[in-house]
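J.: Feature table excerpt (TrEMBL):
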type	residues	note
DOMAIN	2-233	domain 'Glutamine amidotransferase type-2'
ACT_SITE	2	active site, nucleophile
BINDING	302, 364, 365	Mg(2+) binding site
Ligand SMILES: O=P(O)(O)OC[C@H]1O[C@H](OP(=O)(O)OP(=O)(O)O)[C@H](O)[C@@H]1O
Ligand SMILES: NC(=O)CC[C@H](N)C(=O)O
Ligand SMILES: [Mg+2]
């Protein structure tokens, strides 16, 4: 769940891309990058860090041009080296740059094919570099003069070759901007336009909030398997490029990943989270009608929307019992468990008077590794709570994610192989309440009834791309568990080939 943005405007795009990336920062805090296109040349700045730390005034001044793409990264493949931050670039054919949100599940096989049949070299361990090269190779078959149909044909072959979840935005030197979404629509991507008197300007982004901030009118989501091409005059061309498209978006976007003010596949995330709160309230009403909850307390930030609705639905007082340090980012998407653990207490502090002598129901949007809830329950007890109950607006997370969320190791998931009651005992709760998976789906459908299928793999272990088996998951776990990532942390010292001398500071 990285964030991507593409912008074609009538004036310089650097500031517009920067602003969009800051709005998408919640999708990736590890690295940020921007590639602009100016008079036939690409200009790049990318580095590890938050948007505000990566782009300084001197970088912004050099990122010239009316066309560009940007990325905020939360790695799910390869290393966290700067060299694997995005956008990526390849010189043939034409000169192409690409930014990707998602994760390819057949990237090893593709890498092999790229080398042995397509005569292309992949220089990093990033699956995004693989995706770019597959796209480049397929475009190369279309000849020198690209019509929209040529680009769509190339994307069609990309879909045939690539497996997994992917939303990508790309610039082809001198030709235009391209975006495409995987045939299952797992990862989100939307587009919109703005006209400030000089003609149509186009923005493509992971979430509609980026368009809101830039003053763009949202047109719609890209459909699963659909590609979009914006020519150099700003004309938009779209075409479905998948053989069997079906919409099965990642339901975890609604649970945690996306901002509440985002509209995803026709459903406001704010609305779906409210419905999650109501459904959870219903479950408490039916399974625990004689509950003795005095107060409902959210665990900021993401659970707030559901917790407030749950409290109202139950008719119980809602109170903000934890104060959040606004200068600490999201803990779940931090790279290592030590950092994640330390950050919970740095981020959240209890307000004693809301806990003293009370039976509190703490509500979180989800429990993944259990890092947050274990410490929060402890803090609630230290603050004087009599009973500490815990509710999760999502069902138990029991299976790894392979489509762009960094949950690669089942053994690190607190609910893996455990019942709901066992999780409650392990985290030290006096009672545990989880959302039911059918209720979670129903919560989303209540906001947009057209949403039929979802990728719910982290909850039900069903991988909709059909290519995931035990061996794949075992290999992924071995490669990307926290310890393995820690031992490759020295990768930060790698030299990135992308850096121009004046990019390095
Ligand atoms: O069980 P865990 O492994 O701790 O993961 C789940 C927690 O992590 C997320 O919070 P985060 O701090 O990332 O972001 P938020 O401020 O948006 O809630 C999520 O909202 C849960 O609180
Ligand atoms: N979270 C993502 O979308 C990650 C994109 C890509 N797989 C990377 O690791 O950079
Ligand atoms: Mg949270």
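Any Cβ shown, glycine's included, is placed from N, Cα and C.
TrEMBL labels come from automatic prediction, so no person has curated them.
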J.: What Cα-Cα separation, expressed in whole Å, is found between residue 302 (Mg(2+) binding site) and the residue listed as 'active site, nucleophile'?
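T.: Residue 302 (Mg(2+) binding site) and the residue listed as 'active site, nucleophile' have their Cα atoms 17 Å apart.
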J.: Just going by other Cβ atoms within 10 Å, which of the binding-site residues 364, 365 has the emptiest spot?
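T.: Counting other Cβ atoms within 10 Å of each of the binding-site residues 364, 365 gives the minimum at 364.
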J.: Would you list the other residues of this chain near Mg(2+) - those whose C-beta lies within 8 angstroms of the C-beta centroid of 302, 364, 365 - in sequence order?
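T.: The surrounding set, listed in chain order, is 255, 256, 298, 299, 301, 303, 306, 363, 366, 392, 393, 394.
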J.: Applying a 10 Å Cβ distance cut-off over all chains shown, what neighbour count does residue 2 (active site, nucleophile) have?
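T.: Total other Cβ atoms inside 10 Å, all chains included: 27.
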J.: When the Cβ positions of the recorded positions 2, 302, 364, 365 are compared with the atoms of ligand 2, which fall under 6 Å?
T.: 2
J.: Cα distance, residue 365 (Mg(2+) binding site) to residue 2 (active site, nucleophile), nearest Å?
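T.: About 20 Å separate the Cα atoms of these two residues.
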J.: Cβ under 6 Å from an atom of ligand 1: which of these recorded positions qualify? The list is 2, 302, 365.
T.: 302, 365
